[in-house]
Structures are given as C-alpha cells and as structure tokens.
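What TrEMBL says about this protein:
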- 15: site 'Important for substrate specificity' (SITE)
- 81: active site, proton acceptor (ACT_SITE)
- 82: site 'Important for substrate specificity' (SITE)
- 164: site 'Important for substrate specificity' (SITE)
Ligand SMILES: Cc1cn([C@H]2C[C@H](O)[C@@H](COP(=O)(O)OP(=O)(O)OP(=O)(O)O)O2)c(=O)[nH]c1=O
C-alpha cells in the first residue's frame, strides 16, 4: 500500500509521528495551540467509543480552523485521541507522579480497554475510525510502580504507561491493536488514508 497525498498530523504525540513514518505517510506535524486545562470531561451516557470519536474530531476541526488562519497550504488533517477505560472511568494523562501511581495501582492485576479514534479531515468533511483493545496487566508491586514512575515514562501517556516502553514488561496479553494502544492504529489509519487516493 502506498500513500501519495501529503497530510498534516495535528498531534503533539511523538508516537503518532513515528507510526506515520513507519507507514510511509508523507506528513507535516502541525503545532496547533491546544486549549488550556485538563482532558475533556465525558458527557453523561457517552460510550468510550463516542467519547474518543468526539475528542478526536474536536482536535481535527481545531486544526482545520487554525490552518485557515495561517498562510499554510490546504491538505487533509489527521488527528487522534487515545483513552484508557477501566470500569466506567476514563484514565487520561497523569498530572503528576502521584496521579500516575494511583492509575497504575488501579490497572494492576486487571484488564482495561484502550480506545483510539483516528479522524481524517478534508476541510469540514470528517471520516473516522475507532480501534478498541483489551489490555491485561500483571499485578504490580509498590516497588515496581515506584521504579516505573522514576523512569518518567508515565507522563504524557493515557493511563500512565507506554506499551512501547518499559511497561511492556507489565503487559500479559492484548486483544486488539498494538499500534492503537500506542496512539495511532495502523490498520484503521491506512483504511482512512487509502480513501484519499
Ligand atoms: C496507553 C498508551 C498511551 N500512549 C500515549 C498515546 C498518546 O500520545 C497519549 C494519549 O493522549 P492523547 O490526548 O490521545 O494525545 P496527546 O495529548 O499525546 O497528543 P495530541 O492530543 O496532541 O494528539 O498516550 C502511549 O504512548 N502508549 C500507551 O501504551
């Protein structure tokens, strides 16, 4: 599969940039000013899939609006949102080490789901896909959590871990998309980009 159209990646996530490089997708990373504050709250009754879909669409549309204020060429925009769900709760990115410790204690010895929505915007036209992955984490000791937090790896990552990093040692099993857990599901992204050809 070859991708010929150049796109913008509207994401500050280095993982998403790396995954697009792996896919051979020519892209420019856009540094769209993000709204200040914490992760978007979930709406009442909103499913995990609907939540990531909505937040990824917001990122894409914010980028489209921003491009139109800059002297930038018009190109399709790719945006994504990744969130960890456990029980009925969202685990977003930790605000500090204490927050990370709490999230890792919560994930220890259980299975959670990681949802990633990927959105392709051509102007106001949006196309999207959602990947869902179950992740089983082994039981973590306090010492393991401490040592992991000391690496700094939890920061900037939903659920306070990176499956692509040292936390791989904690993951017993996954059912779904490894790249989706990392932040950009390769299969679903390829399906969206193929429609540009
Ligand atoms: C669960 C998990 C998440 N993550 C990362 C992917 C995403 O970068 C991050 C989830 O945060 P997001 O809000 O999806 O993305 P972001 O803030 O990093 O970037 P942007 O909004 O600008 O696109 O967590 C991993 O790198 N590995 C993992 O195993």
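Glycine is no exception: its Cβ is also placed from the backbone N, Cα and C atoms.
Cα of residue 81 (active site, proton acceptor) to Cα of residue 15 (site 'Important for substrate specificity'): a span of 12 Å. In the three-state DSSP classification, residue 15 (site 'Important for substrate specificity') falls within a helix.
With the fewest other Cβ atoms inside 10 Å of its Cβ, the least crowded of the recorded sites 82, 164 in this structure is 164. A distance of 14 Å separates the Cα atom of residue 82 (site 'Important for substrate specificity') from that of residue 164 (site 'Important for substrate specificity'). Residue 164 (site 'Important for substrate specificity') is 9 Å away from residue 15 (site 'Important for substrate specificity') when you measure Cα to Cα.
Reduced to three states, the DSSP call for residue 81 (active site, proton acceptor) is strand. All chains included, 21 other C-beta atoms sit within 10 angstroms of the C-beta of residue 15 (site 'Important for substrate specificity').
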